[in-house]
């Protein structure tokens, strides 16, 4: 969508709108995702070729010294098609906001939350899928879900003190033995065919991830009990919750929502950028996604919802479960004055309440309005932003997605906080692998930015 926005500005909103409409309605009747991609890719290749020919030398931004030392925050440096993060309204998946996705994407029979299959279809094609297309995708993933025996054996032999994310990354790496792309590349496949094999690998990997994740959960927390068999009549999330051992229909609905909203968050975050970077070396999707999961395992990326729960639990321990607004306000100030942050508040890009927080809050208001932990989260929502504004340091005093997700999981009995990032990883596959397909389809080259030393920067600045 960033490219579409640029197109609208640079060669006319009318033309760009026509391109969007063409993409969204091409081959809309087919239920085969690969067939639709085969139709869309040449059109997008031609569009980008024309765009680059006309505007390849156009300057899109400036780079400052602070950006280079500050984690490249705000630096426009890569093309990422599947989602765009707006500071004021949050994430848009191929142009659609989270409320729009909740309303427009197909749902399970009797369900109210969007199916992640529909979100993946949207990310890959730019089209809102039909129920038939989503059903096809559910069945396709069920058909591809079986794990090779060596991966099962490896998971069963991991020590119980090995972190779930380490197990996930290792298992994904070992699945590389199944890579269609790696085999075809070794045999000399033409680069115009790369995307077809990447597509097959991405579909296989997404299909197998719930089995890997459920196997890890059962081995660590359920005495190694069987995950059971995939049911081709059920959707991806329902099969996942069944394999985890959860039978509550509300928990399955929560998982559909969770897997949808955590799927993608633009291309600059650690996991998305890592998969993009590693994939640019023509590493297969298994290796690229395993690298992304190693980034997600870092405490500054994927562990935030655990930190929120730890902080909430400590808060309850110190001031009690039924705390007044005044005492809560004092506790928040004590947290800030001790040099710590309030976990779950603030975001590197967002400047308003994260819509992913809002939709989880709405889920809680509907299904668990009287839960003590949710009531505490709701109470914090009223108080924390005002305290942070008074302090004057936070650019964004509003809650993010992590302020809520752990509380919902706890309510339905998933109390194993070390496992939460695995759920995040299963979800994130939808976004980064959708983009990986397009990266190869569009022929994106090896990523190789120029680095500079401090001495080099000083000389550069002095010369200006």
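Keep in mind that glycine also has a Cβ here, set from the backbone N, Cα and C atoms.
The transit peptide feature in Swiss-Prot is assigned to 1-27.
According to Swiss-Prot, the feature motif 'SIFI-degron' maps to 2-21, an assignment based on similarity to another entry.
Taken from Swiss-Prot, the feature N6-acetyllysine covers 76 (among others). For the recorded site, residue 76 (N6-acetyllysine), the DSSP three-state label reads coil. Within the same chain, the residues at least 6 positions away from residue 76 (N6-acetyllysine) whose Cβ sits under 8 Å from its Cβ are 60, 61, listed in sequence order.
Annotated N6-succinyllysine per Swiss-Prot: 76 (among others), in sequence order.
Taken residue by residue with DSSP, residue 103 (N6-succinyllysine) is part of a helix. Under the heading N6-succinyllysine, Swiss-Prot lists 103 (among others).
In three-state terms derived from DSSP, residue 193 (N6-succinyllysine) belongs to a helical segment. The annotation N6-succinyllysine is assigned in Swiss-Prot to 193 (among others) on the grounds of similarity to another entry.
Taking the Cβ of residue 226 (phosphoserine) as reference, residues of its chain lying under 8 Å away and at least six apart in sequence are, in sequence order, 218. The secondary structure of residue 226 (phosphoserine), as reduced to three states from DSSP, is coil rather than helix or strand. For 226, the entry in Swiss-Prot reads phosphoserine, with the evidence type similarity to another entry.
Around the Cβ of residue 301 (active site), the same chain contributes 269, 270, 271, 295, each under 8 angstroms and 6 or more positions distant in sequence. Residue 301 (active site) falls within neither a helix nor a strand when secondary structure is assigned with DSSP, and so counts as coil. The annotation active site is assigned in Swiss-Prot to 301 (among others).
Positions annotated as N6-acetyllysine by Swiss-Prot, on the basis of similarity to another entry: 321 (among others). Under 8 Å, Cβ to Cβ, and six or more positions away along its own chain, residue 321 (N6-acetyllysine) finds 372, 376. In the three-state DSSP scheme, residue 321 (N6-acetyllysine) falls into the coil class.
Residues or ranges marked as N6-succinyllysine by Swiss-Prot: 321 (among others).
A sphere of 10 angstroms centred on the C-beta of residue 327 (N6-acetyllysine) encloses 14 other C-beta atoms. What Swiss-Prot lists as N6-acetyllysine is 327 (among others), and the listing cites similarity to another entry.
If you look up Swiss-Prot, you'll see 327 (among others) marked as N6-succinyllysine, on the strength of similarity to another entry.
The DSSP secondary structure for residue 347 (active site) is coil. The active site annotation in Swiss-Prot covers 347 (among others).
Taken residue by residue with DSSP, residue 428 (oxaloacetate binding site) is part of a helix. With a cut-off of 8 Å between CB atoms and residues at least 6 apart in sequence, the same chain places 262, 263, 264, 271, 272, 292, 296 near residue 428 (oxaloacetate binding site), listed in sequence order. The oxaloacetate binding site annotation in Swiss-Prot covers 356, 428, 448.
The N6-acetyllysine feature in Swiss-Prot is assigned to 375 (among others). Look at residue 375 (N6-acetyllysine): DSSP puts it in a helix.
Taking a C-beta cut-off of under 8 angstroms and a sequence separation of 6 or more, residue 375 (N6-acetyllysine) has no same-chain neighbours. Annotation source Swiss-Prot lists N6-succinyllysine at 375 (among others), citing similarity to another entry.
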Across all protein chains in the structure, which of the recorded positions 347, 356, 448 has the highest Cβ count within 10 Å?
356
Between all pairs in 356, 428, 448 (listed as oxaloacetate binders), what's the biggest Cα distance, rounded to the nearest Å?
33
If you average per-residue pLDDT over the motif 'SIFI-degron' (2-21), what number do you get?
40
Nearest to residue 450 (N6-succinyllysine) by C-alpha distance, among the recorded positions 347, 356, 402, is 347
C-alpha of residue 402 (active site) to C-alpha of residue 327 (N6-acetyllysine): distance in Å?
23
